[in-house]
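According to Swiss-Prot, the features are:
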- Asp186, Asp188, Asn190, His192, Glu197: Ca(2+) 1 binding site (BINDING)
- Asp225, Asn227, Asp229, Ser231, Glu236: Ca(2+) 2 binding site (BINDING)
- 80-134: domain 'Kazal-like' (DOMAIN)
- 173-208: domain 'EF-hand 1' (DOMAIN)
- 225-247: domain 'EF-hand 2' (DOMAIN)
- 250-336: domain 'Ig-like 1' (DOMAIN)
- 340-425: domain 'Ig-like 2' (DOMAIN)
- 29-54: region 'Disordered' (REGION)
- 1-22: signal peptide (SIGNAL)
Amino acid sequence: MKPGGFWPHLALLGVSLPAVLGWMDQGASRSPNMVPGESQAEETRGFEVTRREGLPSPGLSASCGKKLCSHGSRCLLNRTTGQPSCQCLEVCRPRYMPVCGSDGRLYGNHCELRRAACLLGKRIVSVHSKDCFLKGDMCTMAGYARLKNVLLALQSRRQPLPQGTPRQSLASQKRLLVESLFKDLDADGNGHLGSLELAQYVLKEQDMDGSLNRCSPSDLLRFDDYNSDGSLTLGEFYTAFQVIQLSLAPEDKVSVTTVTVGLSTVLTCAIRGDLRPPIIWKRNGLTLSFLGLEDINDFGEDGSLYITKVTTVHMGNYTCHALGHEQLVQTHVLQVNVPPVIRVYPETQAQEPGVAASLRCHAEGIPLPRIIWLKNGMDVSTQMSKQLSLLANGSELHIGSVRYEDTGAYTCIAKNEVGVDEDISSLFIEDSARKTLANILWREEGLSVGNMFYVFAEDGIVVIHPVDCEVQRRLKPTEKIFMSYEEICPRVEGDATQPCQWASAVNVRNRYIYVAQPALNRVLVVDVQAQKVLQSIGVDPLPVKLSYDKSHDQVWVLSWGDMHKSQPSLQVITEASTGQGQHLIRTPFAGVDNFFIPPTNLIINHIRFGFIFNKTDPAVHKVDLETLMALKTISLRHYGCMPQAMAHTHLGGYFFVQCQQDTPTSTGPQLLIDSVTDSVLGPNSDITGTPHVSPDGRFIVSVSNKGPWLHVQEVTVRGEIQTLYDLKINPGISDLAFQHSFTEGSQYNAYATLDKEPDLLFLELSTGKMGRLKNLKEPPRGPAPTWGGPRRVLRDSGLFGQYLLTPAQESLFLVNGRQNALRCEVSGIKGAATVVWVGEV
């Protein structure tokens, strides 16, 4: 570093620099208790000392011999002109003889006082006042902070960033500035700043600020020499200026953590650095620290994220960064493994020799389980033949022609990396002459009440068995309700006919069906076992929507109040599966326009929360299904979204919200809500329409009866939503149903009714392969259903069912999904408003 180049251009700070090595005149060693009159003599001797100290060589003596320099300076030859000139002393010798200056500051010795006077270009003399001695070194923390800001400001003016330098973060710019300042101060380039080097840095008067409070660069050693070795390293210099050096190994940029559902896990942030600021954790861009989540917290001092009980909703991406350093981010991908959960069908069956028999096993888990079959404990894969085969990735065991020796207990075993599950399907082979009681019960009683479609039409309730393709039972409008002896559909005075009006219906554990009769302000309870209407429950006027909360055994009832929907209400029927003795509870929610209760599945068997929508409020309201109390409001106002429908997938915990259309002919956009944080993530890409989620939570199909597009998305094992494809469908979709694939054990297919055409749409979700089933009759005509719902309903037949049912104008059509073909038409049934499938009882 050049003497007289950088340092003389800086200003003197409030307190004196510590005593450092330099030129010292004789007067500097004098006692501060100087008597009056000694100042002039002292100044004369100072000239003489300066002249002698400026004669290091004979050549210089000739040039500076007649050049007199004042205190605090010495004679030097100008390198350009060769002429002698007086320049301020660079440093003073390290001798501590404190002296008060006439400027009110305390100096380490007389040399430093005179050097400061030289640098500042003003007269400063020693005084005998004790004030500055009593004040001592008054560098406060506030002044020290101000000093560091002044040093950085001066450095930025001295060495500005070159033009064209890319704009960087403030933290990065500050780091470069501090590095530059350290390099300039490190005169000997040894990577350590000593007291001598810091003492050379003085500030000019115009750069001084009263708020510095007597602080000097030497105070860097006093405050930030952490190892007390008398020097500052670059690391200590970084710390002094609060420049944090953080690092993240390239291999840690993305960290994948796999944990089994139900366990706890800890995500540790791999960002390292001395004095690292607090770690901030985010999920889907939302900070987790202040949300008060019951199952996630980051209170650990090590900056880790703790998830106390992992479920599939927790899967997805989590990020961590140090506070104020958002440019350095680590991503944690949380994958959740789920042990297999299986169901077999049928649990027991009896067949006669020579007929075909199938045993089916459905398994869900993450990763996808592998299925094997045992017969009486022996692996059947070693017995494969033309008569015995495994279909759909082993999920179906098919016997082409059964024999007596095929009788046995067939065990389905599903395995994946984290667990195993098994169940037994029993097969009995007996001829008709040797029927056992169990055989008779299975064949006759079982088929008489279970595995049926219950159709609610204008002329009553029709029970249809899909295998026989015939009506098993018909409950006419004049049938009596068992407990009240009222008619199912009483005749209105003056009407010649007695049509039934139905709205919504739900299956309650394959025991009862609850169905709404809006015009009669009641809900009927149908006993599946007896195939009779058991009772009626009076509810608020115009009940139009029912939903069964299986987790709490409750049926929720939404009523309009009147045809203008001006007095809507939400009621709950408790203990629904008992069939009688239920209680009707009125909820406290006003202005309800719609509600949503997520369905259960094999993996998620308990639901805690539901959601309600208000007529004029751009928000969804989270409700505790057990206490029936509102918990939280999730505002959609920022997106101008009035919610119309919702769907949910447990994979990643996403809610899909359909917003109302802007115009009668447009389709409503969708928003995504994260169920972990109850926060809106934003639009679901450019997806529009009503969302439908497959039973396993993997596929999301969005359709509309007004728009031409069908969108298919998939949730990956990492909890990420990706769009698979978009299909253009004309006209729009009326209703949609899912059916388990009969060729791929882990896949689902979708069927959809068209709003204005008789065809039935078929879609293989994983591949996008699409087809149409034709030869169906015209769909129901006329205006949209009075009580809401699709114009042309479509109902599947459960997890193992292969049939679907949809109405035409005056008939019903049954479709065999396994063969992807029309099964039959059941004529003479008009105005089918809703359909319920009842599985095995």
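Cβ atoms here come from the backbone N, Cα and C positions, even for glycine.
Here the domain 'EF-hand 2' (225-247) has, by DSSP, the following mix of helix, strand and coil residues: 7 helix, 3 strand, 13 coil. According to DSSP, Glu197 (Ca(2+) 1 binding site) is assigned to a helical segment. Take the Cα of Asn227 (Ca(2+) 2 binding site) and measure to each of the binding-site residues Asp186, Asn190, His192: the nearest one is His192. Ranked by number of Cβ pairs under 8 Å to the domain 'EF-hand 1' (173-208), the listed stretches 80-134, 225-247, 340-425 are led by 225-247. The DSSP secondary structure for Asp186 (Ca(2+) 1 binding site) is coil. Cβ atoms under 8 Å from those of the domain 'EF-hand 2' (225-247) belong to residues 148, 152, 171, 174-175, 178-179, 181-182, 191-195, 198, 271-277, 322, 324-325, 328 of the same chain, restricted to positions at least 6 beyond its ends. The average pLDDT computed over the domain 'Kazal-like' (80-134) stands at 76. In terms of local Cβ density within 10 Å, Glu197 ranks first among the binding-site residues Glu197, Asp229. Across the structure, Asn190 (Ca(2+) 1 binding site) and Glu236 (Ca(2+) 2 binding site) place their CA atoms 15 angstrom apart. For the binding-site residues listed here (Asn190, Ser231), the lowest count of other CB atoms within 10 A around the CB belongs to Asn190. Sitting within 8 Å of the Cβ centre of Asp225, Asn227, Asp229, Ser231, Glu236, and not among those site residues for Ca(2+) 2, are the Cβ atoms of His192, Leu221, Tyr226, Ser228, Gly230, Leu232, Thr233. Put simply, of the binding-site residues Asp229, Ser231, Glu236, the one whose Cα is nearest the Cα of Asp188 (Ca(2+) 1 binding site) is Ser231. Note on proximity: among Asp186, His192, Glu197, the binding-site residues of the record, the Cα nearest Asp225 (Ca(2+) 2 binding site) is that of His192.
Cα of His192 (Ca(2+) 1 binding site) to Cα of Ser231 (Ca(2+) 2 binding site): a distance of 6 Å. Taking a C-beta cut-off of under 8 angstroms and a sequence separation of 6 or more, Glu236 (Ca(2+) 2 binding site) has the following same-chain neighbours: Asp224, Asp225, Tyr226, Asn227. Sequence-distant neighbours of Asp186 (Ca(2+) 1 binding site) (same chain, six or more apart, CB under 8 Å from its CB) are His192, Leu193, Glu197, listed in sequence order. Cβ neighbour count for Asp225 (Ca(2+) 2 binding site): 17 (other Cβ atoms within 10 Å of its Cβ, all protein chains included).
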